[in-house]
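Pulled from Swiss-Prot:
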{"type": "ACT_SITE", "residues": "153", "note": "active site"}
{"type": "ACT_SITE", "residues": "221", "note": "active site, proton donor"}
{"type": "ACT_SITE", "residues": "317", "note": "active site"}
{"type": "DOMAIN", "residues": "12-176", "note": "domain 'FAD-binding PCMH-type'"}
């Protein structure tokens, strides 16, 4: 068995039967993909809550190609590239559009899976194509934006885990850059708002709000911000007039899950060494030697109390992996 604690940012004690590091796309077709298997990037959105009785395939594909076109840049990035370093390198080259997503943990290949988003920007806005190995059909596929079926923190890759091994992502970034600053604290920036100012502000805020996983093991935002309809919103605002929410399309709003957790007095909640981060309630942390059981019990405790108080069922944004694959958490309403 192979240790996995250093392979995921929450550093839970777990092992796997076998581990493969993929460093060349030429090797993809030779992989057996014997079940159970799990496709892993940098492990910043994965928690191994138990020993995994299968093979972990770590994507270590590297390389970035930039093609300048008349009105945009076409950038092809290998899936194993570190996301923040990729964004920072583009910013240094004055290729902008992804600056709101600075310091989002993980790899380039994980970005379309989660459709990562922050401060008003989702990565799907800029994705032109995803190249992947179709494990089921045993063939290469190039998937455009529509085929990826992007939604809020969702995609076809997340809906069908283990079906595709992403090897590269193509981004199109327009030269006619427009700042996105309608989310706090970016909406408080004064004077000329440059891409560098947005990048620096996002990095500063994230470093203040989110613990460094190298110091305090965590996986960033543990829960999604739930989306509810206006009728549900009206009912909750009668109960909690100061509840934090953001409008989204089609008569729906997005509720701040961190506000719900903190408002219900769960900011000091813990089970064993798993705890709610005192500075950002949406983040759960490993204080020292948390176990998979600690974190799942804490998550279920939070989900149940939020559901009982609001009727909202929080969904984990992170992926929980147990003995045979993904584990789904759910509580009775």
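A Cβ is built for glycine as well, from the same backbone N, Cα and C atoms used for every other residue.
Here residue 317 (active site) comes close to 45, 114, 153, 220, 221, 222, 223, 224: these same-chain residues lie at least six apart in sequence, with C-beta atoms under 8 angstroms from its C-beta. Neighbour count (other Cβ atoms within 10 Å of the Cβ, all protein chains): 18 for residue 153 (active site). The 10 Å shell around the Cβ of residue 221 (active site, proton donor) contains 21 further Cβ atoms across the protein chains shown. The average per-residue pLDDT of the prediction over the domain 'FAD-binding PCMH-type' (12-176) is 97, rounded to a whole number. Look at residue 153 (active site): DSSP puts it in coil.
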